[in-house]
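Summarising the annotation, Swiss-Prot assigns substrate binding site to Q116, N157, N180, Y240, Y276, G280, G300, H309, H326 and lists similarity to another entry as the type of evidence. According to Swiss-Prot, the disulfide bond annotation covers C70-C75, C72-C149, C152-C291, on the basis of similarity to another entry. Taken from Swiss-Prot, the feature N-linked glycosylation site covers N211, and the record attributes it to sequence analysis. If you look up Swiss-Prot, you'll see 1-6 marked as topological domain 'Cytoplasmic'. According to Swiss-Prot, the topological domain 'Lumenal' annotation covers 28-350, on the basis of sequence analysis. The transmembrane segment feature in Swiss-Prot is assigned to 7-27.
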Amino acid sequence: MKCSLRVWFLSVAFLLVFIMSLLFTYSHHSMATLPYLDSGALDGTHRVKLVPGYAGLQRLSKERLSGKSCACRRCMGDAGASDWFDSHFDGNISPVWTRENMDLPPDVQRWWMMLQPQFKSHNTNEVLEKLFQIVPGENPYRFRDPHQCRRCAVVGNSGNLRGSGYGQDVDGHNFIMRMNQAPTVGFEQDVGSRTTHHFMYPESAKNLPANVSFVLVPFKALDLLWIASALSTGQIRFTYAPVKSFLRVDKEKVQIYNPAFFKYIHDRWTEHHGRYPSTGMLVLFFALHVCDEVNVYGFGADSRGNWHHYWENNRYAGEFRKTGVHDADFEVHIIDMLAKASKIEVYGGN
């Protein structure tokens, strides 16, 4: 009996010691390792501090899911808006001929050399090597900022610009692209006064202000020799027609249109309608590949169905449709398709 009582007392004592030990350990652990239970840790600062990080992750996730490559409402190169456009568009082809893409594929070389055949052949690469000692030979559009929206106006030469009043709207774009003669003085209210890019070939070339990029559209190796000459010695004065022996343009802003891009338009877009695409189409697709948003002015006939230039008084000149080189009707069809695909907006003029 005495032994049983002794065992019972010892058991109770050990149990009480064990319980007290647990209580002490829990209390000490709570104070030492759970600071978020401290009243100071429950203020609004800590709760608010967590929210922006999570919200930021949500915004980043939405941006990634949207897949947009620019800050415009719609971005030109982003797929999904039109199956027709996506099946034709190739964003990997540079519209600018540079040191990096100087070597043309054989099929492109043959096609380009036959656009305006010359009696005397020239080594294209050697000509380009010399030319790129005078002009940059770089692609200024290689890097695009996804946080910006590059808006471009492609301004054609149609008579439908007369009386349109588009001038201020045109001048509001980042890039304003014109072609060939395209006078602005005296027509500012309708065509605008600013120009950032002017596309010409030797036979249509004119002097440009220092802040304008001259984009040469070459149809033959002689055109490359001409621009090198026009910016240096002035020796070349004739191709198949008289050309300017000297040209006043900013050498640092001279760009050369890529024949491979030229053929890409002919193959993919105009689908061999006409011998080759018109200058207007070349400029339009240049814009489609370097811009985020493209608005088109001065293309097609006027409201009476006449084809003429906006600076011509003869409304019935219709030179564009009489050349036999370009298929005007098919090019109008392509422009209409691009507009329906929401890739461009066309301003029909007067």
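Residue numbers in this text run from 1 along the chain shown.
Heads up, the Cβ atoms here are built off N, Cα and C, so glycines get one too.
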* Could you check what DSSP calls H326 (substrate binding site) once collapsed to helix, strand or coil? => strand
* Structure fact -> Nearest by Cα to N211 (N-linked glycosylation site), of the recorded positions C75, C149, C291, G300, H326, is C291
* Asked: C291 (disulfide bond) to G300 (substrate binding site): how many Å between their Cα atoms?
  -> 22
* Would you mind pulling the DSSP three-state label for C152 (disulfide bond)? => strand
* Structure fact -> Within 10 Å, the Cβ with the most other Cβ atoms among the disulfide-bonded residues C70, C72, C75, C149, C152 is that of C152
* Neighbourhood of Y276 (substrate binding site), C-beta criterion under 8 angstroms, separation at least six -> L115, F262, H266, V325, H326
* Structure fact -> Sparsest Cβ environment (other Cβ within 10 Å) among recorded positions Q116, N180, N211 belongs to N211
* Going along the chain, which residues six or more apart from G300 (substrate binding site) have their CB under 8 A from its CB? -> G156, S158, N160, W307, V332, I335, G348
* Asked: When you tally the Cβ atoms that lie within 10 Å of each candidate's Cβ, which of the recorded positions (C291, H326) has the highest tally?
  -> C291
* Out of C70, C75, Q116, N180, give those recorded positions positioned within 10 angstroms of C149 (disulfide bond), comparing C-alpha atoms, in sequence order. => C70, C75
* Asked: Which whole-number mean pLDDT does the model give the topological domain 'Lumenal' (28-350)?
  -> 87
* Asked: Within 10 Å of C72 (disulfide bond) (Cα-Cα), which of the recorded positions Q116, C152, N180?
  -> none
* Asked: Taking just the CA atoms, what is the gap between N180 (substrate binding site) and C75 (disulfide bond) in Å?
  -> 28
* Asked: In angstrom units, rounded to an integer, how far apart are the Cα atoms of C152 (disulfide bond) and Q116 (substrate binding site)?
  -> 31
* To do: List nothing but the largest Cα to Cα distance in Å, as a whole number, among the residues Q116, N157, N180, Y240, Y276, G280, G300, H309, H326 that the record says bind substrate.
  => 28
